[in-house]
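**Q** What follows is a structure written as structure tokens; I'll ask about it next.
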Amino acid sequence: MSNWDTKFLKKGYTFDDVLLIPAESHVLPNEVDLKTKLADNLTLNIPIITAAMDTVTGSKMAIAIARAGGLGVIHKNMSITEQAEEVRKVKRSENGVIIDPFFLTPEHKVSEAEELMQRYRISGVPIVETLANRKLVGIITNRDMRFISDYNAPISEHMTSEHLVTAAVGTDLETAERILHEHRIEKLPLVDNSGRLSGLITIKDIEKVIEFPHAAKDEFGRLLVAAAVGVTSDTFERAEALFEAGADAIVIDTAHGHSAGVLRKIAEIRAHFPNRTLIAGNIATAEGARALYDAGVDVVKVGIGPGSICTTRVVAGVGVPQVTAIYDAAAVAREYGKTIIADGGIKYSGDIVKALAAGGNAVMLGSMFAGTDEAPGETEIYQGRKFKTYRGMGSIAAMKKGSSDRYFQGSVNEANKLVPEGIEGRVAYKGAASDIVFQMLGGIRSGMGYVGAGDIQELHENAQFVEMSGAGLIESHPHDVQITNEAPNYSVH
């Protein structure tokens, strides 16, 4: 069947082409609810996700964004073991109740306890009689190890075993806090009726609950985290390891999600993991979204070529302007009762509001977080200013590191035979990710207040766009003035 007669299908819009029309509002910005449910086990308190890029999201970024209420996607440019370890770091960074605490036996060496404590940045380890029966017999903490000279000595010689303070399984955080304070201790092991170790509550975790009240967490009180996989020979092995490490979702990450090979692989992944949350992309059309949902995906990622470091649209001549792509995919998502993530092209907080208004349930951001302390990119000084490296996953360097399969070039062994669809660059250093999130949320709340939307669903239903001319875009930015003091949420690109 020929598509000749519809070759020039329609006009496409991106963020700089449109503005949201202000409307009658009974909503103040501080009253806006930013919660978004992407899947049954994936409810975020803010609609922000950090990209699965090797200069954006490792465990530090994932922890920071989850504490703010969003979600980080651990990139896959590392071994399966390393990526699974990154997921574990996030899941163990914060717990309401630690349901699977580390433990050792009295026969283990002190050095093994120290290694465990340093690797996971914990201050103590429960000690059980045997690995099989898990009967609690003691605990060893930093204080017990402070003056030890022989780290080859068995833990039994240095652990605290008398007057152990414990609590029953099911103890709530309020009761645990009272017990910890009363006995001046930092860790409270939870035991069952047989004295078996069944959990652990720490004062640090209680403090984190208070410090980060909006953190995005799973049913066990652990931070939410996702991780990326490709469509390769190790996909199932990697996905298995990531889920075992605690990942709440995997992101099947390809440049063209509406591809027969990708769809077959996704269907196989769904069959292999029938009850797990699958996010997949990228696509830019309604048909692409439909194909992914039919293959078994829970959440579709939308965006081909809009990213600041992506060259797909000029190298391959392919893509759909992002606002149109979001709107088209969202129409299908509504039909299926599922959700989409708008991935790429966002420069300002106002673009986030536009992406959500067009039908997005959350946005995925790369460049806006690449300059933060938590991003894994290297810091460098250029002309007296501080920058961090930022590169597309389609850049030569990233493809050599492991992302070539994303662009269907996994079989290419020579760097000079790779055809990149991204570039390497630098972005200005921005400080803590939490500061960036604060400004973003302020902008989102303000935009939703202007259009009278109390939550994201109301934004979907009621927001209206106006097409903007080139002169309108110029008028939208500061003009006819020299900026002398940049605002924290606006800079000239």
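Quick reminder: no glycine exception, Cβ is built from N, Cα and C everywhere.
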**Q** According to Swiss-Prot, Ser308, Asp343, Gly344, Gly345, Gly366, Ser367, Tyr390, Arg391, Gly392, Met393, Gly394 bind IMP; which one of Glu244, Glu268, Glu421 is listed for that same site?
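**A** So, going by the record in Swiss-Prot, that would be Glu421.
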**Q** Based on the record's binding annotation for NAD(+) (Asp253, Gly303, Ile304, Gly305), what whole-number value in Å is the widest Cα to Cα distance?
**A** 14
**Q** With Gly307 (K(+) binding site) as the reference Cα, tell me which of the binding-site residues Asp253, Gly344, Tyr390, Gly392, Gly394 is the closest one.
**A** Gly344
**Q** Taking Cα-Cα distance, which of the binding-site residues Asp253, Ile304, Gly366, Tyr390, Glu475, Ser476 are within 10 Å of Cys310 (active site, thioimidate intermediate)?
**A** Ile304
**Q** On a C-alpha basis, identify the one among Asp253, Ile304, Gly305, Ser308 that is nearest to Glu475 (K(+) binding site); the candidates are the binding-site residues.
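**A** Of all the candidates listed, Ser308 is nearest in space.
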**Q** Which of the binding-site residues Tyr390, Gly394, Ser476 has its Cα closest in space to the Cα of Ile304 (NAD(+) binding site)?
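**A** Answer for the nearest of the binding-site residues: Gly394.
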**Q** Distance check, please: Cα of Gly305 (NAD(+) binding site) against Cα of Ser476 (K(+) binding site), rounded to an integer number of angstrom.
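**A** Pair distance, Cα basis, whole Å: 24 Å.
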